Structures are given as structure tokens and as C-alpha cells.
Amino acid sequence: MLQLQHRFRAGLIPSINRSVLLEKALSRRMTSHIDIEALGRKISEKYSACDVSDALLKLKVPNAGFLPDISPIPRKGVSRLHIVAPISTIIFVPKDHQPGVQLNAFVPAESNMPKGKHWSDLPSPGTIALLQQPQGQICAVLGDIMATRLKIRGVKGVVADGRVRDIVSISDICDQGNFTCWSKGFSTVGTGLQAKPWAYDVPIRIGDVVVRPGDLLCADEGERGLVVIPQEQIQAAAKLFPSLKEADDKVVADVQSGVDVSEAFRRHR
């Protein structure tokens, strides 16, 4: 909390985001006793991204946590890799963007990127890096060099709300195991054409979903779905998963035995 207050005074965080970050800090305190890594493994082993969205829908989370129109990059074979891990965020801006200008409510007016450090060294090991670039750009914000660096550092994956290049090489990196890569589109052009990294570990917005650093991301390649579990809903969602999954399994069994859908829903939902 003290670190956040110092950053507020220094003007590194726009005022419109202050309440969001304070809420995040308080939420982190509430969930600090949860073994996030163990919970992530349990979710990935027992539940799909669809099961997670079902729980978040019950909890009235916007869009049930779903991040639309972002897909896993093509693999050589069929992959059902499902990774659930906390989120680190990186925001990119147009390369001619200057300090003091706030592009929107989620882009700080001042950059917080450490001088002399590449952005690929900033996401924490054990997290999934979520990158966002300005809409309409044709350059990529991720290539095989950055993907390699992230994986070597222990980052579990990278999701680009934007474009990725070096698809063949990145596919090979993913095929080696324990790493996932998703993107909204592809490119052959490096980041330097249009973009530059500007801020890390700040909230971002994708569609109607506000994503905060430390939220859990379910990256389910089998279901081709990305779902964000807000920190403040982790415990509530975890309690709902078993009962909702059991109810759905019973509905499926009834329908397979000839029961109509309405009756199966009435029995079990």
C-alpha cells in the first residue's frame, strides 16, 4: 500500500485508476493466504474455461470473465494445454507518444518502465504476461526472441491483445511444453514500426473486462478460451466450480439417456 501511495504522489498513476489499484491491493491482502499455484493446478486439471465462465456468470462478473477474439497460435499438433496463473500486464503505446499525455483511463500519463530494462524481464515468473497494443496497428508486440526470454524466465505464457509474429518459431517454443501463446492477430513487422512499451503491472481493459495484475487467467487451448477470474472473486468462484460441474455432468447424462433438455435442467440446475 505504501508503494502505491508513493507512486500516486509521484504522478505515475492517473487519478482515475487510483481507486482501482487500492482495491487491488486490499484484495491481494484478502487472498494472500490462498495457495494460488495449487488452486491454478486444480482448476486446470478439473475444470474447463467454460466451467469457469459458468461460475463467473453466477457471480455477475462482466462478460463472465471472457476475453473475446483472442486465440491460441497454431500448433503443429493438437494441444489441449490449460494453464491457470496470475496475470502480469504490459501496455504498449504509439512509438511517438510523449509523457504527460493520457491516451485513455487505463494508460498512465507517465511511463513506469525501468530505464535500461527490456519489458520481457518485467513479468514475474509463474505469471502469464498479458500484452495490449493500440488498436489498428499492423506491427507485432511479440516475436520469438521475447517469447523465448519469457519462457526461460519461468513465465507460463503470453497473451497479446494485439499482433504476434514468428509464428513457426513460437509454435515450436510452445510445443516444447509448459508455455502457451495467444494473439488477436498476426504480423511480419517488428514492434519498432509503430509501438513501444509504456507501462507494466497496471490495470487494462479488454472489451467490457477490466483486468488487474494478479487476477487469475485461465488459458484453455482445448476450449480456445481465455477467462479472467478477478482477485476478489477467486474464493467465491472456487466454491461454485464443483457444484456447477456436477450439475452439468448430470444434465449431460440425462440428455444422453433420452431426457429432454428442459427436464434435465429442471432436475439438476
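Any Cβ shown, glycine's included, is placed from N, Cα and C.
What TrEMBL says about this one:
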- Gly143, Asp144, Ile145, Met146, Arg165: substrate binding site (BINDING)
- Asp166: Mg(2+) binding site (BINDING)
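Residue pair Ile145 (substrate binding site) / Asp166 (Mg(2+) binding site) shows a Cα separation of 9 Å. Listed in sequence order, Ala140, Gly143, Asp144, Ile145, Ala147 are the same-chain residues six or more apart from the residue listed as 'Mg(2+) binding site' with CB atoms under 8 A from its CB. A simple way to gauge crowding: the CB of Ile145 (substrate binding site) has 13 other CB atoms within 10 angstroms, across all the protein chains here.
The substrate site, placed at the center of the C-beta atoms of Gly143, Asp144, Ile145, Met146, Arg165, has further neighbours from the same chain whose C-beta lies within 8 angstroms: Ala140, Leu142, Ala147, Thr148, Val164, Asp166, Ser169, Ile170.
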